[in-house]
Amino acid sequence: MVLSPADKTNVKAAWGKVGAHAGEYGAEALERMFLSFPTTKTYFPHFDLSHGSAQVKGHGKKVADALTNAVAHVDDMPNALSALSDLHAHKLRVDPVNFKLLSHCLLVTLAAHLPAEFTPAVHASLDKFLASVSTVLTSKYR
């Protein structure tokens, strides 16, 4: 999915508002995903998945850091996320549908925390951005 210049501006502005809360929001999105889509827990059998778990917080920070990297390299996401794509495709073997589920939960989390900034245009831009990230992460499955 191609991001327009307006989409890129919206994504960078919205992610800038996330700022220091990125890890917290990443963990919250993971918790939402685990509660809403319990089958996603199968990829984390070694994690304590309870609310506030240090492992979920740690992985939430990893998710947020990867998204921060994608925002910073929005014009070259395939190269920026190449190692992460390899990891998820070849080692972790995560079903690609799970990226869509996490993206949805992240959008809900951002809407809850940033209601003033989460306009329809920003929502659409973030949705396109997360779809692009998902596409890049699943590109090495083929």
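From the backbone N, Cα and C atoms, a Cβ is placed for every residue, glycine too.
The feature domain 'Globin' is assigned by Swiss-Prot to 2-142, with sequence analysis given as support.
Swiss-Prot lists Lys8 (among others) with the feature glycation site, giving experimental evidence as the kind of evidence. For Lys8 (glycation site), applying a Cβ distance below 8 Å and a minimum sequence separation of six or more within one chain yields Val74, Asp75, Ser125. In this structure, Lys8 (glycation site) is part of a helix by DSSP.
Among the features that Swiss-Prot reports, N6-succinyllysine is placed at Lys8 (among others).
For Lys12 (among others), the entry in Swiss-Prot reads N6-succinyllysine, with the evidence type similarity to another entry. Neighbour list (Lys12 (N6-succinyllysine), Cβ cut-off 8 Å, at least 6 residues apart, same chain): Val71, Val74.
There are 14 other Cβ atoms within 10 Å of the Cβ belonging to Lys17 (glycation site). Positions annotated as glycation site by Swiss-Prot, on the basis of experimental evidence: Lys17 (among others).
Look at Swiss-Prot and you will find Lys17 (among others) tagged as N6-succinyllysine.
Swiss-Prot lists Lys17 with the feature N6-acetyllysine, giving a large-scale study or a structure entry as the kind of evidence.
Under the heading glycation site, Swiss-Prot lists Lys41 (among others). Lys41 (glycation site) falls within a helical segment according to DSSP.
Residues annotated as N6-succinyllysine in Swiss-Prot: Lys41 (among others). On its own chain, Lys41 (glycation site) has Phe34, Leu49 as residues at least 6 apart in sequence with a Cβ closer than 8 Å to its own Cβ.
Taken from Swiss-Prot, the feature O2 binding site covers His59, and the record attributes it to sequence analysis. Listed in sequence order, Gly26, Ala27, Leu30, Phe44, Phe47 are the same-chain residues at least 6 apart in sequence whose CB falls under 8 Å from the CB of His59 (O2 binding site).
The annotation glycation site is assigned in Swiss-Prot to Lys62 (among others) on the grounds of experimental evidence. Reduced to three states, the DSSP call for Lys62 (glycation site) is helix. For Lys62 (glycation site), the same-chain residues 6+ apart in sequence whose C-beta sits under 8 angstroms from its C-beta are Gly26.
Per-class residue totals from DSSP over the domain 'Globin' (2-142), listed helix then strand then coil: 110 helix, 0 strand, 31 coil. When averaged over the domain 'Globin' (2-142), pLDDT in the model lands at 94.
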